[in-house]
Amino acid sequence: MDEMKVIEIIKKTLKFSNENIVKGIDDDCAIIKIDENFYLVATTDMMVKKAHIPSILSPYEIGGRILTANVSDIASMGAKPLAFLVSISLSKEEANEKFIKELYSGLDDFSKLYDCPVVGGDTNRGDELILSGTAFGITDNPIYRRGKVGDDICVTNDLGRVYCALTLYYMLKENKISYKEFERLCQKYPKIIEKLRKPIARIKEGLLMNKLINGCCDISDGLGKEITYFKNFEIYSDRIFKLIPEDVIEFCDAFNLNPIKVALNSGEEFELLFTTSKFNKVKDSLKGYSKIYKIGKIIEDGQFIDGEEFYGGGYIHKW
């Protein structure tokens, strides 16, 4: 069983709603109508140590990461962050003052970056570190995962660095390289390891694009998975190649990786994948903040890459 099947079971089981719920399961955030002009958006994301937290991350970086992962969903809705709740389960290893202070220092610094204060949560004891965050935002125009036929499909900035960083991490973890070699490679590819350690949610971009785009989601599970939420599309590998940074190309050459597959499968990038019929206006609105790249089009029917059936990608939890 995979997470998509689990979600389908949950959706079929949960039947009750009310007139305040505009959108529940099936988008980056739930959308709740406050009044005629504003919507509350809410999202939750969880990090489990063994599944999500590389051992090379510091407690400070873990704190920043859980906040970024949640706030990135707020960004994809074109909303302004309001507040953040975080619940933690600590094992004996983490239940000490040093770890807790560092973790919450990361949360505090990133909350200032996103203007999203941490306002509460819960604490518990467990066998391993687990963090569960809930972020709230507000908007007058929530952006869904969708597109209109003919829309350009676009991505902010670049993709691939997180995949490369995790490749290095697993090489170290599986004893394929020494720690000394790992440190050398981190120094050789500083931007690659930095994207893993300190990812940034595109809050400003989401707000600036709000009235100019038709659909959006954040790239948390990889472009290859997120693109399928837009249902019918054609994307092009030569365009995807243009948003792959030089250090990722160099890394792929050094370690015999396909850069297109790396870009499609690189998760937790937290860039924005969006659809628009106003590419030039979006580009102008983001000057000084982010570059954007066209990678394809919304079409009438089907999912294709370079004219062939799309083979998918990205990360899906499996049991």
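Cβ from N, Cα, C; glycine included.
Predicted, not measured: the structure shown is a model, and the values here were computed from it.
Feature annotations, courtesy of Swiss-Prot:
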- Asp28, Thr43, Asp73: Mg(2+) 4 binding site (BINDING)
- Asp28, Asp73, Asp218: Mg(2+) 3 binding site (BINDING)
- Thr44, Asp45, Asp122: Mg(2+) 1 binding site (BINDING)
- Asp45, Asp73: Mg(2+) 2 binding site (BINDING)
- His52, Glu268, Tyr315: substrate binding site (BINDING)
- Tyr104, Gly121, Asp122, Arg145, Ser220: ATP binding site (BINDING)
- Asp221: Mg(2+) 5 binding site (BINDING)
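Sequence features annotated in Swiss-Prot and their locations in the structure.
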residue : record                 : DSSP (3 states)
Asp28   : Mg(2+) 4 binding site  : coil
Thr44   : Mg(2+) 1 binding site  : strand
Asp73   : Mg(2+) 4 binding site  : helix
Tyr104  : ATP binding site       : helix
Gly121  : ATP binding site       : coil
Arg145  : ATP binding site       : coil
Asp218  : Mg(2+) 3 binding site  : strand
Glu268  : substrate binding site : coil
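Listed binding-site residues near Asp28 (Mg(2+) 4 binding site): Thr44 (candidates Thr44, His52, Tyr104, Gly121, Asp122; Cα-Cα distance within 10 Å). Counting other CB atoms no more than 10 Å from each candidate's CB, the binding-site residues Asp122, Asp218, Asp221, Glu268 peak at Asp218. For Ser220 (ATP binding site), other Cβ atoms within 10 Å of its Cβ number 22. Proximity of Asp73 (Mg(2+) 4 binding site) to non-local residues of its own chain (separation of 6 or more, Cβ distance below 8 Å) is seen for Asp28, Cys29, Thr43, Asp45, Ala135, Asp218, Ser220, given in sequence order. Within the group of binding-site residues (Thr43, Thr44), the Cβ with the highest number of other Cβ atoms inside 10 Å belongs to Thr43.
Shown are the binding-site residues Asp28, Asp45; of these, the residue with the fewest other Cβ atoms within 10 Å is Asp45. Counting other CB atoms no more than 10 Å from each candidate's CB, the binding-site residues His52, Gly121 peak at His52. Surrounding the centroid of the Cβ atoms of Thr44, Asp45, Asp122, where the record places Mg(2+) 1, the chain contributes additional residues within 8 Å, namely Met46, Asn70, Leu85, Val86, Ser87, Leu131, Ser132, Gly133, Thr134. Put simply, Asp221 is the one of the binding-site residues Thr44, His52, Asp221, Glu268 whose Cα lies nearest to the Cα of Arg145 (ATP binding site). Here Gly121 (ATP binding site) is compared against the binding-site residues Thr44, His52, Glu268, and the shortest C-alpha distance is to Thr44.
Listed binding-site residues near Asp221 (Mg(2+) 5 binding site): none (candidates Thr44, Tyr104, Asp122; Cα-Cα distance within 10 Å). Packing around Tyr104 (ATP binding site) is summarised by its Cβ count: 17 other Cβ atoms lie within 10 angstroms of its Cβ, all protein chains included. For the ATP site, whose annotated binding residues are Tyr104, Gly121, Asp122, Arg145, Ser220, the maximal Cα to Cα separation is 32 Å.
Secondary structure at His52 (substrate binding site), as computed by DSSP, is helix.
In this view, Arg145 (ATP binding site) is surrounded by 21 other Cβ atoms within 10 Å of its Cβ, with every protein chain counted.
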